[in-house]
Amino acid sequence: MKWYTKNQAEIEEKLQTDMRFGLTEKQAYNRLQQQGENTIADQEKISRFYLFVQQFKDFMVLVLLGATLISGLLGEYIDAIAIMAIVLLNGLLGFFQEQKAEKSLSKLKELSAPVVTVLQEGVWVNKSSRELVSGDIVKIRTGDRVSADVRLLEINSLEIEESVLTGESIPAVKDDKPIHKENVELGDQQNMAFSGTLVTRGSGMGVVVATGMSTAMGQIASMLSSTERMPTPLERKLEELGKILIVTAILLTVAVALLGIYQGHPIYEMFLAGVSLAVAAIPEGLPAIVTVALSLGVQRMIKRKAVVRKLSAVETLGAASVICSDKTGTLTQNQMTVRQIYVPKKHFFVTGKGYNPKGKFLLNRKRVDPLHSESLSHLLRYILLCSHAEIMNNKGNYQIDGDPTEGALVVAAEKAGLSRHSLQGMKVIREIPFDSSRKRMSVVVEDEKGKRFVITKGAPDVLLKRTSWIQDGKEKLPFTPKKEKHIQHMMQRMTNEALRTIAVCVKEIGASKNDQDFQLESDLTFIGLFGLMDPPREDVGEAINICRDAGVKTVMITGDHVNTAQAIARQLQLLPPNGKVLDGYQISAMNDEELEALIPDVYVFARVTPEHKLRIVKAFQNNGHVVAMTGDGVNDAPAIKASDIGISMGKSGTDVTKEASSLVLMDDHFATIKSAIEEGRNIYENIRKFIRYLLASNVGEILVMLFAMMLAMPLPLVPVQILWVNLVTDGLPALALGLDQPERDVMKRPPRNQKESVFSRGLGYKIVSRGFLIGLVTLLAFMFAYQKNPDHLEYAQTIAFTTLVMSQLIHVFDCRSDNSVFSRNPIGNLYLVGAVLSSVLLLLVVVYYEPLQPIFHTVELPLTEWIYILALSAIPTLIWMPSRKE
Ligand code: ATP
């Protein structure tokens, strides 16, 4: 269907919809059933079977399977079957864990599906983009990623970047008139907005004509970039570590096997010993546990209202050392209220709370009727024309649909008894939209008599430069330096009280439709000034202090005036007494080196444009910081991308910034960043904890085998026992460490150095030293038992096996802290207690359950032996060792 050729009536008829009413709920529901969800089908989902098979593609598992096959051929059936069963069990565990991780990640995708404003039964409602159907009437705003193919019916300076479809990166200017031509290329269909493209300017309204796979984007879906998950830096490092371990294991195996053969041992026995060593060296369960720990961490973050879009952010968060936060909405409540209004010679105060349109106007502390002042009533009328926001009354709970700054202005006009209905004679015929770089917006209005004028509102310091006149009552006077100074003074007064200021100017113009924007916004007449209050959020001050204790500096970045920013920063205790404040004009006058030299002392950046944000991120990074940067507008995307952790706003953010970010704050709240950092630090520390646990166990296993071989003793452990320990009894406690609570001082330590290795801060030393002790006590236990009873090897092996498991299960409690094992309550992590108890139970089953004894080469142990076993097992954990920090 060539929708671009059709006019509105034809479209309404074809799609059975109405531009002023939309679809009914029932129609929308039925169409959704017929047309299906509005999503582009994911590229082939990984099949379950493939995921399962993938668990075995690990090189070490293949070696193991090969070895098993050979021992099977050599007649060791029971061993071969046991090893196969354990490998299979491990594969199944890995499969379920990964499937769970995948599910939680795809849930994340759902959480970040865009919300669209749709007209339903005459009311604008918000819907998930997945529920869009053809015939829906939708709004499109700057920063949206268009969710379906839409035929535009109304536009307002609308520009859309369509490079995903057309390759053209310069935004296309849109129109709402039918095109009377056949075969128009996508790029020239000016009255269409296509799914997947980005709205870079203006706004519009239109009717959905195609959804899901029927959209232009759906038809080329196969060209979409793949959505495969990239491994995080830590996962990559561990993968490399795994490779090193494999090579070491193979070299060790070959060396030991050759040595053994040289000493005259049978080849077959040495082959098995080699396999056992290799199995001992590899932490088979580690990669799966890292993935699971990360994905469980992500779920915990969602509970704390932080949605992670890129898994690597979880690690980076723990290293963050600077948070560059927006002011409006993140540090403040984004509940703007007009508190003061200045019109020449009169300074009004306005009472009232939030967006409730009830309040009084005071002049010289006396209540007045605002409509009695002609200047004020004009100002309030004009402001209604020059804003889009609407007040929504939800059973006495007043909210704003649109920009909060504009919302506050509209509420002030309503407090005076004005509404847009009372302005019916005036028509807005053109708009130059607001953006944070221009810091102003304008509309061209035509009155009943056809007279045209411009209304401009924006940051006073920007508008006053374009002002030549001032309206004083009925008189229009030249804007002399003296008058300008007075207005500046009024503005200072307001900003010192932490108020955001908006100036309003007007200008009469001729009938020309082709006036350039700069012509419209110059030679203006000043008519008034608003002061808006946006109180700080309550718990932000505390969160900033916690971050400071954690060595994380919080910096405010705002488009607001320096004084307003400074006043709010003081209220939040963000700005220390010697802290500096920079504004956008100063930043523009500096080169990058100057900015870098100054930036360590700066806490507030005011009147910045999105371009400045990028420079600020880079300057902090060049000072060695790991930067978390928030943003909400389209233009913030480059800075968000350049930062180490890009953060976007779930409520007020645009789709474009959300896509560029790695973390989304569901509640737009600064305190959530603090929680995310805390969680990020904890996840990283927990990963370190189980890496320490699993690797120390591996070191112990290798050493016990090596020592025994060097002492020309029989092997203390058989491969199936080592495999059982690595994959089964170690797995659950390691996972439980991944769920450990943070240590009390996580937010009291400085951020981690991003370049540090996982093994730094003494971890490598602990792995080797405790691993050595685990190996030693296992060997001692084996030697005593073997000497006592040299004819009964299985007995000594069972003792070694139980000592190994028990010493690891005691050592796991030591891994919870960088300090001593006694620094934490041992039953503080109930998952860990449960995991250790179940591992002990599994051990007892393998030792005492007769049918399993031949498989695991175990024999029943008398109760008295347990005293020795437990005493020896406690040594590696309890023995005092000199601590060493790397
Ligand atoms: P922050 O960066 O703290 O979130 P912000 O992004 O809201 O602040 P901007 O939107 O860049 O900051 O606003 C900067 C200035 O532009 C404001 O101080 C105000 O004077 C002016 N301004 C804000 N919103 C509007 C608007 N809708 N129309 C006209 N001027 C506006």
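Backbone N, Cα and C atoms are what each Cβ position is placed from, and that goes for glycine too.
Record features, source TrEMBL:
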type	residues	note
DOMAIN	2-76	domain 'Cation-transporting P-type ATPase N-terminal'
TRANSMEM	56-74	transmembrane segment
TRANSMEM	244-264	transmembrane segment
TRANSMEM	270-296	transmembrane segment
TRANSMEM	690-712	transmembrane segment
TRANSMEM	718-739	transmembrane segment
TRANSMEM	767-786	transmembrane segment
TRANSMEM	798-815	transmembrane segment
TRANSMEM	827-849	transmembrane segment
TRANSMEM	861-881	transmembrane segment
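When Cβ distances are compared across the two stretches, the transmembrane segment (244-264) makes no contact with the transmembrane segment (798-815), since fewer than 3 pairs at least 6 residues apart fall below 8 angstroms. Within the same chain, residues 64, 67, 79, 82-83, 86-87, 89-90, 93, 272, 275-276, 279-280, 282-286, 289, 292-293, 296, 686-687, 689-690, 693-694, 697-698, 701, 797, 801, 804-805, 808-809, 812, 815-816, 829, 831-832, 834-836, 838-839, 842-843, 846, 855-858 sit at least 6 positions outside the transmembrane segment (718-739) and bring their C-beta atoms closer than 8 Å to a C-beta of that stretch.
For the domain 'Cation-transporting P-type ATPase N-terminal' (2-76), residue counts in helix, strand and coil come to 44 helix, 1 strand, 30 coil, using DSSP. Counting Cβ pairs closer than 8 Å and at least 6 residues apart in sequence, the transmembrane segment (861-881) and the transmembrane segment (767-786) reach three or more and so form a contact. With pairs at least 6 apart in sequence, the transmembrane segment (827-849) and the transmembrane segment (690-712) have fewer than 3 Cβ pairs within the 8 Å limit; the two do not touch. For the transmembrane segment (798-815), the list of distant contacts is 689-690, 692-693, 696-697, 700-701, 704, 716-717, 721, 725, 729-730, 733-734, 737, 770, 773-774, 777-779, 781-782, 784-785, 821, 824, 826, 832, 836, 839-840, 843, 847, 856-859, 861, 865, 869-870, 872-877: same-chain residues at least six beyond its ends, Cβ to Cβ under 8 Å. Distant neighbours of the transmembrane segment (270-296): 58, 60-61, 63-64, 67, 70-71, 90, 93-94, 97-98, 100-101, 104-105, 232, 234-235, 238-239, 242, 245-246, 248-250, 252-254, 256-257, 260-261, 311, 314, 683, 686-687, 690-691, 694-695, 697-698, 701-702, 705-706, 709, 715, 717-719, 722-723, 726-727, 730-731, 734-735, 738-739; these residues of the same chain sit at least 6 beyond its ends, with a Cβ under 8 Å from one of its Cβ atoms.
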